[in-house]
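Record features (TrEMBL):
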DOMAIN    111-177  domain 'HMA'
DOMAIN    185-251  domain 'HMA'
DOMAIN    260-327  domain 'HMA'
TRANSMEM  350-370  transmembrane segment
TRANSMEM  382-403  transmembrane segment
TRANSMEM  424-442  transmembrane segment
TRANSMEM  454-472  transmembrane segment
TRANSMEM  615-634  transmembrane segment
TRANSMEM  654-675  transmembrane segment
TRANSMEM  976-999  transmembrane segment
TRANSMEM  1005-1025  transmembrane segment
Amino acid sequence: MDVIILVGTWKPSYIRIFEKERKKEDASITTNIPKPYYSSATISSIKSSLFTSSSYRRCSEPYLVVASGATDVFAAMDANGKDDLKIPLLEPSDAVVLDIKPVRNVDHGVRTITFKIGGMECASCSTSIESVLQELNGVESAIVSALQGQAVVKYVPELVGVKAIKEAVEDAGFEVTEFSEQDIAVCRLKINGMMCTSCSESVERALSMVEGVKKVVVGLALEEAKVNYDPNVINTDRIVEAVEDAGFGAELIGSGNDGNKVHIKLEGIVSPDNMNMIKSSLESLNGVNHVEIDMEECKVTVGYDPDLTGSRSLIQFIQESCHYQASLYVPERRYETEKNHEIKLYRNQFLWSCLFSVPLLMFSMVLPMIPPYGNWLNYKLQNMLTVGMVLRWILCTPVQFIIGKRFYVGSYHALRRKSANMDVLVALGTNAAYFYSVYTVIKALISDAFEGQDFFETSTMLISFILLGKYLESIAKGKTSDALAKLTDLAPDTACLLTMDNNGNVISETEISSQLIQKNDVLKIFPGSKFPVDGVIIDGHGYVNESMITGEAIPIAKSTGDRVIGGTVNENGCLLIKVTHIGSETALSQIVQIVEAAQLARAPVQKLADRISRFFVPAVVAAALVTWLAWYIPGALGLYPKSWIPKAMDEFELALQFGISVLVVACPCALGLATPTAVMVATGKGATQGVLIKGGNALEKAHKVNTIVFDKTGTLTVGKPEVVSDVLFSEISMEEFCNLAIAVEANSEHPIAKAIVEHAKNKLLDHKSQIANNSVVKDFEEHPGAGVGCKVGDKTVFVGNKKLMRLSNVSVDPEIENYFSDNEKLARTCVLVAVDGKVAGAFAVTDPVKPEAVHVISFLRSMNVNSIMVTGDNWSTATAIAKEVGIENVYAEIDPLGKADRVKDLQARGKIVAMVGDGINDSPALVAANVGMAIGAGTDVAIEAADIVLIKSNLEDVITAVDLSRKTIARIHLNYVWALGYNILGMPIAAGVLFPFTGIRLPPWLAGALMAASSISVVCSSLLLQTYKKPFTYSK
């Protein structure tokens, strides 16, 4: 009988369906292995092992089918499971292993794949292929056309992979062609020219309409777009063209293959053939993923796998094998360069506008009020045309059409895509003022009795104030990403590389660029220097300041074997480290990636601004038109006193000024900036405080949390259990007892297992006995929430709790029960060791409670947040720990899926639940919770499943995460008050509501200044989050 092993997070209902469908294969489902226990790399290794196994039959996601050789599978898992330790602390967001969330609803996440099928001769062929495909679990529908030789399959990628679909058709005897196994690629674009929310929506809409684009996220404040696309349908050049066709500038700043790459400058290149030869040579190297060449600059960019090669090796290869001079080239930071260019551009445009607007203001408002200095301005050149009118026209025109050209261009592109933005409002307002003024000039030229006032100063001052506002806004927006820039700057530019001989002696020391560091290099870190990359200390000891990464102010003692993080500071002592992670794999790089992704993600609260922006500009234009009519018609009919009309104006001019003021006082930009600027500042500030928040969605959900569920081991407790006692319940010797415990628990990664192994080894040393257990461990099996079991030689051994003993039909005597109860009262966990069906002995293990736990639970209670503990440990230990930290509600003896069920039960009662955990067994609950918080020292799977990562594993950061989210959402609401307040209060005043009663009116130039002020006030309001302080800090 075949053995089917399920890989992935399978619901019981799906397993039952699977069993039913596979009955005809006479295969039994013996094991359900949640994918989070093994990374995608490990599962791939398992598959590779099975390919060489004689028992192999089929190996594809989401299940493995092998013929009776289950031991081959477990051997592969046992051999490869250890490789998971090499995975970085924070996996990159585009890695396959990150997709671990269970399928909640099969209707969501359905993908479509189209491919050609050869060998079909009639309709019965297409029917048989459809039947084969529809039998696959996860295939929603399959349509096969015999006429076109094509199949269209809708499938759920969490349940079935594209490879399984292809194999199913081939197994049915048909040929598959034009089949794409790459589902999706990701690129990031820098978008230029976005002014407000309607602009970002236009970019999203333009990209979403392009064939092959799957998903688009545009960040207004970050001025970036993240595009998921099918590389077999469309390329990045076409994506950039689509943005440019929509009227915005676009530049590719990153793609899915940007993980680790090096830029190399070449010398001695004389022809394109030389570059192509170098490209071909590099592409043939093991570990090189892609090569891009720049013919004009003689530069080459190489993407590589850091486990197989490195930047120094690539440069050395070009020099020695290709015989060209090669050196490292460090490109300028594009974001900083472009941001500085934008600030400089707005500043220069503002200064140029002032060069014309200040004299114009003097000629129109100041000099006429200071006779006799202004009398010459009233000198008539022809009829009623004066010198002042001509001068104002001359000074205004360059501002209107040259400096203000950007508003015309923006308006054209906005109207072409059938939308409207701030550019449209500014262009309408300034054009109305300018062309009416031109009308007055022409009228004055041809009439000897015309008396009218021009508004050239209105148009000029309006553009000048808007440019001033944009200049100040760009400076303020640049500061919103200061925290991220500081994180990026943490790593030093150079490092001291040691060359060692085979005996470990130092041959030479060389200072190299940090970008030339490769894995397994040995670096020398001097006192006061920063660690350039992640590594492990191989010699020396000292104190390391990790405050810039974790927020922990107290330096941490480090010695041989301890991990260090790139960007942290070696306070004292000379340390030698061996490099473990470089480039995008370092903790610092991944923190930056998470923060960048968070700043790009759109918070749900942003939907309010999106909805308003759709009708905001058209509504403002309509309001301006109504305002003009409301003042002009009654004025023309004499319905209000002539005394209301200012001197040198008529009713048309007064109405026009009110209409223009309404146009320009309304600012859609402030609404669009209210949410993203606050999210940018908050996520950056959180990162510097040791709290990684994955986007505005996590922020918004966290501020509503009223219940927090804590895991026990490693979360409320230190997570490093210690064995405090051991006892024998049979005639077995202590040496044999310890040897058996070591043999079994050495195969487990559980913290308690490690503590038992360490204690048993120390015990054997105390007894002066040598560990010489050469018995082979076979049939090792983990029982989640209970323990482990296997065969050691000819003995059957189980190590775990009473639940495992019951499942294994091992009797527990009263003496053992008393030992259990006595230790559980002391918050100790008892681990039983059963040999051949009888309890041989037990270990009592304790895990100290974190010192800050009591204070954190108490502070959360003061924040009206209820705390609950869930654990797989026994009730007595769980109750004792809960009592010690002050938690009243406890769920014990819960397996991983049970934790997720408890979270769902709380949600069903109307609670907004946050889950705090650190282990693989917490990942289902982290996903199920409204907000998942992962302890940074925990596993990669838990970190990826979470919405918030607590880098330094300190419980006080749970308070920080909740409090920061509350402060941020409150700040966003305040930003909306600022943004809407300006518009709600400014528009009625601009429309002249107060004018009949108080004589107060808002001139267009002042309305423009207020519009600029609204955006500046929103950004400055968000910047106040930079002053955020932790509400609670534990001190021993």
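Glycine is treated like the rest: Cβ placed from N, Cα and C.
Automated prediction, rather than curation, is the source of TrEMBL annotations.
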Do the transmembrane segment (654-675) and the transmembrane segment (454-472) share at least 3 Cβ pairs under 8 Å, sequence separation 6 or more? yes
Restricting to CB pairs under 8 Å, which listed stretch, 382-403, 424-442, 454-472, 615-634, 1005-1025, is in contact most with the transmembrane segment (350-370)? 454-472
Under 8 Å Cβ-Cβ from the transmembrane segment (382-403), and at least six residues away from its ends along the same chain, one finds 349, 352-353, 356-357, 359-360, 363-364, 368, 376, 430, 434, 437-438, 440-441, 443-451, 454, 456-457, 459-460, 463-464, 467
Surrounding residues of the transmembrane segment (1005-1025) on its own chain - C-beta under 8 Å, 6+ positions past either end: 426, 429, 457-458, 461-463, 465-466, 468-470, 472-473, 476-477, 479-480, 660-662, 664-667, 669-670, 673-674, 677-678, 680-682, 685, 967-968, 971, 974-975, 978-979, 982-983, 986, 990
For the domain 'HMA' (185-251), give the DSSP counts of helix residues, strand residues and coil residues. 22 helix, 24 strand, 21 coil
Between the transmembrane segment (424-442) and the transmembrane segment (454-472), are there three or more CB pairs that fall under 8 A, provided the residues in each pair are separated by 6 or more in sequence? yes
DSSP on the domain 'HMA' (111-177): how many residues come out helix, how many strand, how many coil? 22 helix, 24 strand, 21 coil
The average per-residue pLDDT within the domain 'HMA' (111-177) comes out at 78
Give me the DSSP three-state residue breakdown of the domain 'HMA' (260-327), ordered helix, strand, coil. 22 helix, 23 strand, 23 coil
With a Cβ cut-off under 8 Å, give me the same-chain residues at least six positions beyond the ends of the transmembrane segment (424-442) that come close to it. 385, 389-390, 392-393, 396, 400, 404, 407-408, 410-411, 414-415, 450, 452-456, 458-459, 462-463, 466, 617, 620-621, 624, 653, 656, 659-660, 663-664, 666, 668, 1004, 1008
